[in-house]
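Here TrEMBL flags Asp6, Ile7, Gly8, Asn9, Thr10, Asn11, Ile12, His13, Thr119 as ATP binding site. Per TrEMBL, substrate binding site is recorded for Tyr90, Gly94, Ala95, Asp96, Arg97, Thr171. What TrEMBL lists as active site, proton acceptor is Asp96.
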Amino acid sequence: MILILDIGNTNIHIGYYKNGRLIQTQNLPTAEGMDKKSLKGLLYKKSIEGVGVASVVPSLEQKLNRFFRDYSVNTFFVNAKIKMPVKIAYNNLGADRIANINGAYIRYRGDLIIFSFGTAVTGDVILKSGIHRGGLIIPGVQTQLWSLKQKTALIKGIRLKKSTPLLGKNTNDCVLTGVINGIKFSIEGFIAKIRKVYKRDFQVIATGGWSKRLCPLISGIDRCDLHLTLYGIYLLYKQNVKG
């Protein structure tokens, strides 16, 4: 069994792969998930052959490597220097984006735009030839809400709702419509612009913790793939680790 860890700024997304299939997933807060007890729990009563990791928190990588080494479990970290099917645009591309790009390319093929909705919203453009053209990063929903709470005197404790109005009639709803619809219009505009510039019919794939909430609101997204990052990490693990 292969343990897969997608370590984000806010949460750790965990997957277990057996015989090429994702058989179990769970989430933990990043701060909580890095203590020794939680890490031991990931191995408890499981026959783990190896660990694949994509982390956007570099300070945790050494800790993870040391922990799993003590249990004689090989740890593989996604980075720009590993073997991969896609030629990435630049060398300091985040490990999560590398996983998404390669996972999407193998799973969906064709010309692709990949969005990940998490602490940050990332977007990446991949051509069917296997070339990554670059992307974008903007603050995610919670990051924007936190920033407004920290930087303004009168905006405190914004409550999320199931639906977002086009026009708010109170401060809470005005903030929500600004943040949610701001992301929606940014993504829709980006998709339209990329299609116009490249003159290609890109397939648009979304993933990340906020994708389930945002995908139905955003026109032009073809598929919401909640576990794309885990799949991408697993794919790269299998391509780079012998055995």
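Keep in mind that glycine also has a Cβ here, set from the backbone N, Cα and C atoms.
Features recorded in TrEMBL, as mapped to the structure shown.
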residue	record	CB count, 10 Å
Asp6	ATP binding site	30
Gly8	ATP binding site	22
Thr10	ATP binding site	15
Ile12	ATP binding site	23
Tyr90	substrate binding site	9
Gly94	substrate binding site	21
Ala95	substrate binding site	25
Asp96	substrate binding site	26
Arg97	substrate binding site	23
Thr171	substrate binding site	13
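Listed in sequence order, Gly8, Asn9, Thr10, Gly140, Gln142, Thr143 are the same-chain residues at least 6 apart in sequence whose CB falls under 8 Å from the CB of Thr119 (ATP binding site). For the ATP site, the Cβ centre of Asp6, Ile7, Gly8, Asn9, Thr10, Asn11, Ile12, His13, Thr119 serves as reference, and the other residues of the chain with Cβ at most 8 Å from it are Thr30, Val56, Gly118, Gly209. When the Cα positions of Asp6, Ile7, Gly8, Asn9, Thr10, Asn11, Ile12, His13, Thr119 are compared pair by pair, the longest gap among these ATP-binding residues is 13 Å. Counting in whole angstrom, Ile12 (ATP binding site) lies 11 from Asp96 (substrate binding site) by their C-alpha atoms. DSSP classifies Gly8 (ATP binding site) as coil under the three-state reduction. In this structure, the CA atom of Arg97 (substrate binding site) is 11 Å away from the CA atom of Asp6 (ATP binding site). A gap of 21 Å separates the Cα atoms of Asp6 (ATP binding site) and Tyr90 (substrate binding site).
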